[in-house]
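What Swiss-Prot records for this protein:
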BINDING   Met47, Gly196  substrate binding site
BINDING   Arg123, Thr169  ATP binding site
Amino acid sequence: MDPINQRIGDMLARIRATRPLIHHITNLVVMNDTANVTLHVGGLPVMAHDAEEVAEMVAHAGALVLNVGTLSPDWIESMLIAGRRANELQTPVVLDPVGAGATQLRTRTNLELLRSLRIAVVRGNGGEIGALSGEGGEVKGVESVSGPEDPLTAARRLAQTYHTVVALTGARDIITDGERVLTVNNGHIWLTTLTGTGCMATTMVAAFAAVERDYLLAAAGGLAMFGLAAELAAEKAHGPASFKVALFDQIYNLTPEQVANGARVVEGGS
């Protein structure tokens, strides 16, 4: 078995054994779904947003998710407080820059988080990563209309600028720390028929980052498992609604051995 695949399977086994708490400061649209995905992969979710409690809550967490999908000034303050405390504790922070490039507020907030905090992984679509990297990309609402001309260059530039891992997700997922590159080829087109699947993917990345300090591999592991679950779910589904149910079932039922055998992760950008 490929060593990367074996490590991905081992990560899932550690998640299931340790049940890390994943602290989300996330958007109102996906809160219930990402909480359930956290449970199904093997972690424990908490959605704590108030500035008075986030520093205390994140002290118990294995990872922190910052998702800017439904922004407000109070939530931005909470993200910065929680992120700084997570950095003090060396707890990984995973950023989902929902809609970056669509409005000045979203772009400005994401850049502030990247400059103010030590972000372990940025997980975004082509439009979002293109906008934040300066390589170009168009976002309509929160959906990517067009990505950068060279997605790998955009991901590398963002990773190098902010000393982070960037996971650019799409038909294939490109993951880089600015030097190393992994490509995940798992996934299914039906993921585009549901709201919040990108946010669910971010939650999967955070769960893997909670047990693996090589965040490049952690991001690949979370995305490979999520994509594999989608592939298997599509075999049982008849449309978006049944696909969502099957997706959650597959995330819950997949074993470390199945994930290790089914992950399609290659080194390099192709």
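Quick reminder: no glycine exception, Cβ is built from N, Cα and C everywhere.
Most Cβ neighbours within 10 Å, among the binding-site residues Met47, Arg123, Gly196: Arg123 holds that distinction in the structure as shown. Sequence-distant neighbours of Thr169 (ATP binding site) (same chain, 6+ apart, CB under 8 A from its CB) are Arg123, Gly124, Asn125, Gly198, Ala201, Leu223.
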